[in-house]
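Asks: Before we start, here is the structure in question, set down as structure tokens.
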Amino acid sequence: MKLVLASNNRGKLAELQAMLAPLGVQLIPQAELGVGEAEEPFHTFVENALAKARFASAHTGLPALADDAGLCVQAFGGQPGVQTAYYATQFGYDKGDANNVRALLEQMQGIDDRRAAMVSTLVAVRSPQDPEPLIAVGRVAGEIARAPRGTGGFGFDPVMVLPAFGKTFAELPPEVKNAHSHRGRSSRQMLELMREHWFAGTSER
């Protein structure tokens, strides 16, 4: 089954393709089909993910999967939230993972409450008008490190510490990260939702 991924983020593509492999799903980045980025005007992950999935499906005629994910910092009242990808631009930096990490650490200087959560909301639709979108939410709580650690992953992985391991996501092997990450959790939920709603009574492939 071909499924359009409403994202051009290579990190997301690799993680989601690996986690949905048991279904025989082939994820195709929307850019490969000539689809641009959808607007994300909403204040919640689920609304933005649904908008992106519908947009990708409408422009390709294929089922679509969208992921809206972000970092929610306790000391910032849950921000940057849906603005996570553009966090650095608020402080005069160009958009990008390294600048996001730099800006976050600068803004958290002198803050002792390092609690934060990474949230991934996956939405899948069979068509733009699908009345029953599949929605899966994964959340993992941790703490923001005081300096980047590790070389793996992407986004805020170098500063998101998982207390159970005492390591950042970027310090963990990919298979360990995927087993415990927010996207890993939402992907496992989505896998079961697709099996139940889309592939029930079929051989899945």
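Placed from the backbone N, Cα and C atoms, the Cβ positions cover glycine too.
The structure displayed is predicted, hence computed values, not measured ones.
Copying in the features that Swiss-Prot gives for the protein in this structure:
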ACT_SITE  D68  active site, proton acceptor
BINDING   S7, N8, N9, R10, G11, K12, A69, F154, G155, F156, D157, K177, H182, R183  substrate binding site
BINDING   E39, D68  Mg(2+) binding site
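Quick one: how deep are these features, and who are their neighbours?
Replies: Under a cutoff of 8 A between CB atoms, and with a sequence separation of 6+ in the same chain, the neighbours of D68 (active site, proton acceptor) are E40, F45, V46, N48, A49, K52, V82, S120, T121, V123.
Applying an 8 A CB threshold to same-chain residues 6+ apart, the list for A69 (substrate binding site) reads K12, F45, T84, M118, V119, S120, T121, H182, R183.
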Asks: If you measure every Cα to Cα distance among S7, N8, N9, R10, G11, K12, A69, F154, G155, F156, D157, K177, H182, R183, the residues said to bind substrate, what is the biggest one in Å?
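Replies: Max Cα-Cα spread across the substrate binders: 21 Å.
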Asks: Between G11 (substrate binding site) and E39 (Mg(2+) binding site), how many Å separate their Cα atoms?
Replies: 21
